[in-house]
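First the structure, in the form of C-alpha cells, and then the observations on it.
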Amino acid sequence: MDSVHVMEPQRGAALIKEQFLTTKEKFHEFLASARPRASRDEADGDPEEPSGEPEQKRVKLDRDAEQKKKKMRGQNKSRPHIKPQSYEERRLCPSIVQERDTECVYGEKCRFLHDVSEYMCSKAADLGDQCYLFSSFGWCQYGVTCRFSRAHTSPELKNLRNEELCRRSTDTVSNHLDKDLQRRLRKKQQRFPGAEAYLKTVSRGEKSTHTSHAAGDAANGPETAVQRLNTLNPYSHLQLKQSLSTLLCSESQDGVDPPVKTLGPITDADVIKLRPSEKKQVDFRDKLYLAPLTTCGNLPFRRVCKRFGADITCGEMAMVTNLLQGQASEWALLKRHASEDLFGVQLEGCFPDTMTRCAELLNQNIDVDFVDINSGCPIDLVYKKGGGCGLMTRTSKFEQIVRGMNSVLDVPLTVKIRTGVQQNCSIAHKLIPEMKKWGVSLVTLHGRSREQRYTKSADWEYIDTCSKLAAPVPLFGNGDILTYEDAMKARETGVSGIMVARGALIKPWLFTEIKENRHWDISSGERLDILRDFTNYGLEHWGSDTQGVEKTRSFLLEWLSFLCRYIPVGLLERVPQKINERPPFYMGRDYMESLMASQHVDDWIRISEMLLGPVPKNFSFLPKHKANAY
C-alpha cells in the first residue's frame, strides 16, 4: 500500500482498515473512471459545478464574529426555495388518460392535450418494458403517460388490463381524503361537536376555579376527585355541584346530550367523563419504533423498514392548520399501507382549539392506532409559533391540548419530547409526571435539547431517570441508535422500547440486526436491491408517469444523502460504527460499494439513473440536510 494512504485518523472519523483508505483525489478519480466522458452539463458548455460534498471543518479565527453569526446546524438553510417543476411541456388531459366515456368538462378551455398521438411525439422515452403497477395489480392507472407504457398499451394506444390479477388485487393504501370532506373543510362547514364542548369547558374554567378543578379531576380519575371533594367545606361542595349542573345543562342546550343525570348526590360519574366506547388499547412495550421523519419518513420508506422488522410506524409530521383546511398534500402524509399493522400519525400545532378539532376530525375519518403530538420539533418555523419544542415551555396550553385531544379520541394519545430547549437546562423530568396526570399513553424522549441538535451524543442516563418518573406509563428512548449493541445498551436502562430515527435512514436493515443480535455485512448488491424496492414502492405511491418518476427520484436522493454515511462492517477496523463518526475517504470492495460511499450529489444522481433512467434536462436537486452534524 502506498505511503500516501497511511494517515493519522481524523478526529471524529471512523476507523477503517488501512488497505481500504485512500485520498479524496484518488477516490474521485476512481469513480470518474467509469463515468461517461461528457456529462450533461459539460455537453451544454456549462462550467464544472463545485463539489457536492460537505465542507471540511474550519478553525474559528474570530470568535466574536462567529458568536454574533447565527449558527445553522443540521438543515441546509442556505438552499433556495425551489417551486415544483413540470418535466413535460404538454401534458395529456386526465379524461384521456383515464379513458372516460364522457368528454372533458373544460372543453376548449382545457389547458391539456387531447390528442394522444401528438402527446406521444413529445413524450420522453420509456424507462423499461416492465411496469411495476401492471405486474402487481393488473392495471396501471397512468395509461399511455406511464414511463413503462409498452408493458400495458395496445398498438392502438389503449390501456390494457389483466382481469384475473385485477380481481385478486386489493387497495393496499388507506386514509385517503374524501372529496366531500375536503369541500366541507374548505367551506368551513365541518362540525366539531366534541371539540366545541371541550373548548367551552376550558373557557369557563378560566373564570371559575372550582370548575377547572372538576374538569382536571375528571381526567385524573376517581381518587383525585374524591380527595379534592374531601378537602372542600359543605358550601364549596354545593357550589361545585351547582357548577357541574350548570355546565351539563348548557351542553344539553347546545345540542350535546349530558353524559350523566344532574340530580341527586355527587358520584364519580359526575366528575369522570363517560365515553360512548372504550379507548383502543395498544401494547407499546418492547417494540422497535420507526420515528416520524420529515421528508424521508414517507410511505415507501416505511414499507422498506417494515420489511426489515420495524414494529411501530408513524406518518410524517402534519400541520393541523393545513389538515383543517383540507390541503391534499398534507392529508397525503396520513396515508397508511396495509403492511403497517401498528400505525400512528403525528400532529403539530400550538393551540388547543385547532389541535382538538383536528383530533376529532381524524378520529372520525381515518384509521390509525394512535395519535402523536409533536413536542420535539426544533426548527425555527415551528418553534417560534409556539409549536414543537415550544410546547414544553407552555405547560398550560400543552395541558389543554392533551386533555382536549384525549376527550375526542378513541385511540391512545402519545407525545414526543426532547430533554428541553436550552442545552444545559433539562425540563423533561418536570414535565413527564404532569403528562401522566393529563392522560398520555406513551412518552417518547429524544435525549437532546433543541439547542444541542446533533452536535453531541444523546443523554441516555437522563432518559433512564425520566423512564422511572414515567412509570407505569411506557417511555421510549431515542438517540444515537445505529447498531444492535447500541440497542442493547439502551435496553439496559428503564425504557419500555426504542425509537430509531437517523439509524434507520443510514441503514434500514438495522431493525433486523437488533432482532437477530448481529452485525450484517450487507453487500452493495443487496443495498441496490433495497433501493430498487424503494423506487418500485415510490412509483406505486407517487405515480409511474413523468411527474411521479421524478418525485420518486427526489425522495430517493434525499435518502441517499443519509445512506452514504454507512460504512460496510467488513471495512471497519473497530466494530461497530458510531453514528456521530464521519466516514473518511475509502475504496469499497467493488465499484458499487465505492459509489454508494460518495457524498457528491452527482454520484447520488448516477445511482438514481441506474433505477429510474436519465434525469430530465431541467432537473436540479439540493439536499435538505447538510452532513455537517452527524
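For all residues, glycine too, the Cβ spot is worked out from N, Cα and C.
Per TrEMBL, the feature compositional bias 'Acidic residues' maps to 43-52.
Marked as compositional bias 'Basic and acidic residues' by TrEMBL: 54-67.
Feature annotation from TrEMBL assigns compositional bias 'Basic residues' to 68-82.
Under the heading region 'Disordered', TrEMBL lists 31-85 (among others).
What TrEMBL records for 202-221 (among others) is region 'Disordered'.
Note on the zinc finger (87-117): its mean pLDDT in the predicted model is 87. For 87-117 (among others), the entry in TrEMBL reads zinc finger.
Per TrEMBL, zinc finger is recorded for 130-155 (among others).
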Per the Cβ under 8 Å criterion, with at least 6 residues separating them from its ends, the zinc finger (87-117) contacts 123-124, 141-145, 157-159, 546-547, 550, 616, 618-619
Using DSSP three-state counts, the residues of the zinc finger (130-155) come to 12 helix, 1 strand, 13 coil
